[in-house]
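**Q** Sending over a structure as structure tokens; questions will come in a sec.
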Amino acid sequence: MNATEMENVSIRRLDSSDPRFAQALREVLAFEAGEDEAIDRAVAQILADVKDRGDAAVLEYTQRFDRVEAASMGALEISQSELEAALEDLEPKRRAALEAAAARVRAYHEKQKIECGSHSWEYTEADGTMLGQKVTPLDRVGIYVPGGKAAYPSSVLMNAIPARVAGVKEIIMVVPTPGGVRNELVLAAAQIAGVDRVFTIGGAQAVGALAYGTATLPQVDKIVGPGNAYVAAAKRRVFGTVGIDMIAGPSEILVICDGTTDPDWVAMDLFSQAEHDELAQSILLCPDADYIAQVEASIQRQLDSMPRREVIAASISGRGALIKVRDMEEACEIANAIAPEHLEISAENPRQWSEKIRHAGAIFLGRYTSESLGDYCAGPNHVLPTSRTARFSSPLGVYDFQKRSSLIEVSEGGAQMLGQIAAELAYGEGLQAHARSAEYRFKRS
């Protein structure tokens, strides 16, 4: 065996007809993100320091963790001219791809804004009372973008563009630059997406600066974007002071296949999430045992050609599974129990089966719809709920950068009717001032 070759990777094989299947599936899905106490203590100290000392603390932590020394926070801000230069210097083909992806993401979220209740509304009752809802964008949003090897320009587009479409007045991006090395593609993406300010800071100190504000970096209303364990712990701690998008877990893909798709395609789709990190999860549900064997053979055959094969192998063997189901109906039932981040329905009639899906972050229909298209350029957002949170949460969208205020304008006639109802209920709750506040308006009319 060559030094570059790997032994066959071990993959769980489950069968839904096995009496122990439910327990085996729970074991596959088991993942406790947990909170590392050492990380949490360190993050708490960093956040308190940033809240207390502002810019000075951020500068110190940036020097300590990223090995970037700066005399002031201003020196860590990237100018608009530098962002423009990053875009201009891109290789034409790469720039065209980035701009095409941005255009599609923007078009999708513009449509989402129209269709998802993003406009104010009101109605008037017979007595002249007006009721409604006012929709307003957030004033200022912070976007966290990972730096170093995990720098993803696609994440810039997916986080910044819906904020811009929502009407957010100011978008501030933070991105660490370990050793002072900047990712020009990330900066170019910021320029395309319409980011207003970019600071080369990261970690818990960047989250603290966004959440509390400093003399240089103003406080934001919400922080979105992925990060490492320190960033996740910091976001969890500042929630309430500011809003956050979510605490994301490892990437997930679940493929439901009827056995009609090229097994090499399905194997590579499973790899597409497994290559993210060792804790990523890739699962296949299929009623055809022979087809499952073909996919497994393809996994073994293709693995050696993958640059990130060690990561893929660890992910597939540690958290992956190939599951034989009775039929496609049962596959959909199991998919709803798993509530995956990404769900591919690779079948002859994907729409038929998608009707049975209730819980998934994103649903990819048909054999030509690879999950990777959704990651980069299809248009819908790739920031999706993980760890079964798709049961109760949604992809990042325009709605995450808006808030809603109730509108109530009661007419004189309305005060007579509503006041009596409110007063009666208030007396029942023992709240005299509530009752009298309503009574004054109908007794004096």
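Cβ atoms are placed via backbone N, Cα and C, with glycine included.
Sharing the record's features from Swiss-Prot:
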ACT_SITE  Glu341  active site, proton acceptor
ACT_SITE  His342  active site, proton acceptor
BINDING   Tyr144, Gln205, Asn228  NAD(+) binding site
BINDING   Ser251, Gln273, His276, His342, Asp375, Glu429, His434  substrate binding site
BINDING   Gln273, His276, Asp375, His434  Zn(2+) binding site
**Q** Could you state, as a whole number of Å, the largest distance between Cα atoms of any two of Ser251, Gln273, His276, His342, Asp375, Glu429, His434, the listed substrate binders?
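**A** It comes out at 56 Å between the most distant Cα atoms.
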**Q** Given the recorded positions Glu341, Glu429, and counting only Cβ atoms in the protein chains shown, which has the most within 10 Å of its Cβ?
**A** Glu341
**Q** Could you state the CA-to-CA distance between Tyr144 (NAD(+) binding site) and Asp375 (substrate binding site) to the nearest Å?
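**A** Cα of Tyr144 (NAD(+) binding site) to Cα of Asp375 (substrate binding site) measures 18 Å after rounding.
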**Q** Expressed to the nearest Å, what is the distance separating Asn228 (NAD(+) binding site) and His342 (active site, proton acceptor) at their Cα atoms?
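**A** The separation of the Cα atoms works out to 21 Å.
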**Q** Near the NAD(+) site, what residues other than Tyr144, Gln205, Asn228 in the same chain have a C-beta no further than 8 Å from the centroid of the listed C-beta atoms?
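**A** Residues close to the NAD(+) site, other than Tyr144, Gln205, Asn228: Pro146, Val174, Pro176, Gly202, Gly203, Ala204, Ala206, Val207, Gly227, Tyr230, Val231, Ala234.
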**Q** What is the separation, in Å, between the Cα atoms of Gln205 (NAD(+) binding site) and His276 (substrate binding site)?
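**A** Here the two Cα atoms are 25 Å apart.
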**Q** Which residue, out of the recorded positions His276, His342, shows the minimum number of other Cβ atoms inside 10 Å of its Cβ in this structure?
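**A** Taking His276, His342 as the recorded positions, the minimal 10 Å Cβ count falls on His276.
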**Q** So if I draw a 10 Å sphere around the Cβ of Gln205 (NAD(+) binding site), how many other Cβ atoms end up inside it?
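**A** Excluding its own Cβ, the number within 10 Å is 27.
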